[in-house]
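Annotated features, as they stand in TrEMBL:
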- GLY141, ALA142, THR143, GLY144, SER145, GLY146, LYS147, THR148: ATP binding site (BINDING)
- 22-32: compositional bias 'Polar residues' (COMPBIAS)
- 52-385: domain 'Kinesin motor' (DOMAIN)
- 1-47: region 'Disordered' (REGION)
Amino acid sequence: LTITHPPTTGRAPIMSVGGANIRSSTSPNSPKSDPPDTPSFEKGRRNSSIEKLVVAVRIRPLPSDETERCLHQLDKEKIVVEEADREKEKHLRTKRSSEKQFSYDIVLGEDATQDDVYQATTKNLVRDVLLGYNGTVFAYGATGSGKTHTMVGQSDGKNVGIMVRALNELFQYIESRKQRYTVTMSYLEIYNENIRDLLNPESGFLELREDSSKGTGYVQVSGLTEAIANSTEEVMSLLTRGNKQRSCEPTASNRTSSRSHALLSVTVHNTRPVHDRNVMKTRIRQGRLFMIDLAGSERASHTKNIGKRLKEGAHINRSLLALGNCINALSGSNSNKYVNYRDSKLTRLLREALSGNCKTVMIAHVNPGLTHREESKNTLVYAAR
């Protein structure tokens, strides 16, 4: 395992070909490189911002201290939420239904396994990253709804989360190929609008710097550690180390509530020689996979937070609102609509992950317990935007 900052010299400039990040080094008279293979999100349909955003909802199992449900899965794309008692009375008087129905691209029920979730949401992103595209998957929901379980999971094989499954498949693919790959990763958290390196927490809070090479508004984290990894085991070691550094505190809703957003970024560099009319060319692809475990959205009245916890909750909710506004703007039909990334450090960091030719998967998490009805309904409304 090597901790390093990737070299910035000695590389040909990055070109954007079909949306993929490709470097090509050829003789002056050599023809241009062939475009990359078609990514999964462009197959069989036109590539638009709406089609590049997939929204999935995962329903966690009913908690042991709950006996009644407030919602249920209708089919593979629909969820039905029961209205509160006062709303039921109102609907009875008007002879309208007391249920609210929501539709999404994917709905995963209480019996969905960790592998079911990975196959339905993230598997195709890994393939696209290997082709030189960017992919983003993030978990959203109220505290205690199962986000960290989905993204990180447990250490045993059956219950490992999306992060480990994606990396395992990535390295399995690399080992089966004769091409040269380099995989680097970084892992950070955003806590109270402060950025901290989870692989090197002693470095203190890190600053965002404008990255003019990518255009106006793009940023990079100054001093962020990048680790070169050669296997899933090495990445697992880094993730375990990083997760121990995350800001977690007990709240009334969750004994181990994550109080920060955690962002794992994995960059894949692929170098291969290409023969074209007896001219040797070097082709380099670069794809990035962003995997994000968001802190839980919450209502102060439900979590009973005060003081420090209340301040944390305010920062969390503000950044989640900014993220929702960005996604709402990106998924709109007006391609020229202004997208404001500057309202939070989370959205500033995710500009590269959300814009351009990047596929984004949002996995919203809901708790079916009756006492969590308001939080679950708010999550479903957020995801339906």
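Every residue gets a Cβ built from N, Cα and C, even glycine.
In the three-state DSSP reading, LYS147 (ATP binding site) counts as helix. Around ALA142 (ATP binding site), taking its Cβ as the centre, 26 other Cβ atoms fall within 10 Å, counting all chains. For THR143 (ATP binding site), the number of other Cβ atoms no farther than 10 Å from its own Cβ, over all displayed protein chains, is 25.
Other Cβ atoms within 10 Å of the Cβ of THR148 (ATP binding site), summed over all protein chains shown, number 25. Each of the binding-site residues GLY144, SER145, GLY146, LYS147 was scored by the number of other CB atoms within 10 A of its CB, and the lowest score belongs to GLY146. Taking the Cβ of GLY141 (ATP binding site) as reference, residues of its chain lying under 8 Å away and at least six apart in sequence are, in sequence order, LYS147, LEU294, GLY296, SER297, ALA364, HIS365, VAL366, THR379.
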